[in-house]
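I have placed the structure first, in the form of structure tokens, so that the comments after it can refer back to it.
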């Protein structure tokens, strides 16, 4: 091809990409002022990784274990490096080209654009689909919340779909290269739940293609495509072997794994999350209409209301304007079925209308896949409100490993946008007239604009606009009445709004049919209409007020209390009672914390917290609230004491630090031990344990104490002499053999944490349900724990080999794809 032709064909794509840049920078205009988003999840994740990052700054390498939160956990759960995963390095390149958060929306736009261009959509139609997907509300809400892994996973996802479709349409090598490369980039996002939902929908596509292949006698074509894709995707997964292997290993020990505890009459745990916990965020069936009407269920849990709202006026009458302004700034307008939400899953009124129209117009069988995938994903999001999800939870592999099933809606936005742009392509490539269009157009208008109009007219008769949280918050009747009025108003207003946008879109389609517009202008005006629709709704949840100067955004400063504790240079743990013990990692910016923030805590730690520590905290708080605090309370906290909880933070002031004299330190020798029948007995024994004197051991680990003659030595000692996150060194001294208990989390037996006495490997075992224990010989000895990360190291080897093979596969597939004559996908004009 001549250079002039290449340039001429490239110019429209360059123009679209420049338009993407302009749109994104306009949306995030505060970046020109040196501002960035203050994202809560990023603040939390940086706190969780504070020790890891500090160690890397000091030594130049990442540790594989961190003690920053929850008593200790593998560091790769909060931040580590994967040097042999080349796709991880490549994935960072695009993200680092543009400022945060411009980079994530550009990734959405470019990723979807690649999907549509690969499927031979014109640049104009590809731009329409890209805008429809990128500005779907969930995508922007995820960025606002700091769910960066979701953003990365979703941005790199669309080209995978293109690769799979191309492969099954006969373009094996191009399809395989796309699917393999972008699956590797998608996995860099490290959001396995989104990957799981993607694979479920691609499996549906595969089944549909298999049925058609069998019917049409093309099984060889199907099997060839499946084989190429299996190799490509397999290498993509292999290039992230270290990340995936350690995650899978950790999952078995986390709340997603099998529990050591058994419930009465239930037998051993089958593994996976607790059903109630997994389905706690379930989208109500009626709430699904937020895809069409953004405020169908009130929007977010904290929505700003203006002075003309019923809520503002009611509070102003009762308590004055200042109180009204304060409450209305974060009014609980949401009345859906989730505990709370940052905002709705709004795909766009125009997008929903075009998707429904496509079900009538599009002749390609892909529409049945889009419809089936959309329904399956929505039904997943319904969680506890859809009976089949109980079946899926029990029998569909891996389904019970994930929480917040509403996340399935993030992929719904992909398929709705793809279906919408397919409808427009069908219209502009087909010879449609008013006669051939009026029936599908009427049905589509009725199912979208008609439904929205019905809700606008009959909202008061259909709903009572009450939320479960209304009674929980104890709001007065006059305020609840005002809130219900504003909820009803929000639904009616947005329903009418959706009707307007749908009618406008229908008008543009008719203008094209009557030749008042050409295909290029139609694509451009529809893109603008979709952008205006989604842009305005997105600004409700992510706007300029969410930005702050870079030097301030997300910065956590130490309080006077933190600084007072930091004067103690020994090694201890801190429990911050001013924040949630299990949902806040800001304490870890400065201390090794008993609490923390992570979606998949170690199961034993969570169980110890639920069974022992929660009650201890209540005991402590009750003591502090009394007229006089008795230090004897400290001796009633066996769980916290054995975790070496030396300080409690009660406030921001230096005086608001409570020192615990009963904290047991980093390690100690016990005077006796008890072997109990099972894990249930072990955790129950901790409730009333004197951990300084006694260790309790599950019978499974009893063999470690066979023929052990424990004779207490009052002069014996063991102390921590050197500390790094993944290497702990102690010095012991005793006249007789002793049983040492270490205030460190027991993890993976002797597989990763290797124990040594004077350089010789020795076994250690579990005690007190959570901690490590070891027999220490008489005399003076150097005792070490070293985290070897064997699984991580094996994974890195596999990742290196897979990365090399994947690069070779993509290069070879691209070469073969351009050299061989492959069946083209239908071209849109």
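We number each residue from 1, going along the chain as drawn.
Each residue, glycine too, has its Cβ placed from N, Cα and C.
Residues or ranges marked as transmembrane segment by TrEMBL: 12-32 (among others). Same-chain neighbours of the transmembrane segment (12-32): 99, 101-102, 105-106, 109-110, 113, 117, 123-124, 126-127, 130-131, 531, 535, 538, 544, 547, counting only residues six or more beyond its ends whose CB sits under 8 Å from a CB of the stretch.
Annotated transmembrane segment per TrEMBL: 106-135 (among others), in sequence order.
According to TrEMBL, the feature transmembrane segment maps to 156-174 (among others). Under 8 Å from some Cβ of the transmembrane segment (156-174) lie the Cβ atoms of residues 91, 107, 111-112, 114-116, 118-119, 133, 180-183, 185-186, 188-189, 194, 198, 202, 205-206, 209, 221-222, 224-225, 228-229, 232, 366, 411, 414, 418, 812-814, 816-817, 820, 822-825, all in the same chain and six or more residues away from its ends.
Residues annotated as transmembrane segment in TrEMBL: 194-214 (among others). Packing against the transmembrane segment (194-214) from elsewhere in the chain are residues 150, 153-154, 157, 160-161, 164-165, 168, 186-187, 221-222, 225-226, 365, 368-369, 372-373, 376-377, 380, 398, 402, 407-408, 410-411, 415: each is 6 or more residues past its ends and has a CB under 8 Å from a CB in it.
Annotation source TrEMBL lists transmembrane segment at 221-241 (among others).
Annotated transmembrane segment per TrEMBL: 343-362 (among others), in sequence order.
Taken from TrEMBL, the feature transmembrane segment covers 369-387 (among others).
Same-chain residues lying 6+ beyond the ends of the transmembrane segment (407-428) with a Cβ under 8 Å from its Cβ atoms: 112, 115-116, 121, 125-126, 128-129, 132-133, 136, 138-139, 142, 150, 154, 157-158, 161, 193-194, 197-198, 201, 283, 291, 345, 347-348, 350-355, 357-359, 361-364, 366-367, 370-371, 373-374, 377-378, 380-381, 437, 509, 512-513, 519, 522-523, 526, 828-829. Residues or ranges marked as transmembrane segment in TrEMBL: 407-428 (among others).
What TrEMBL lists as transmembrane segment is 440-463 (among others).
Per TrEMBL, transmembrane segment is recorded for 495-514 (among others).
With a cut-off of 8 Å between Cβ atoms, the residues of this chain six or more beyond the transmembrane segment (521-537) that come close are 23, 27, 122, 124-125, 127-128, 131-132, 135-137, 294, 346, 348-351, 354, 424, 428, 501, 504-505, 508-509, 511-512. As annotated by TrEMBL, transmembrane segment applies to 521-537 (among others).
Feature annotation from TrEMBL assigns transmembrane segment to 798-817 (among others).
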**Item:** Segment proximity, the transmembrane segment (343-362) to the transmembrane segment (440-463), 3 or more C-beta pairs under 8 Å
**Value:** yes
**Message:** Counting CB pairs under 8 Å, which listed stretch among 106-135, 221-241, 343-362, 798-817 touches the transmembrane segment (495-514) the most?
**Reply:** 343-362
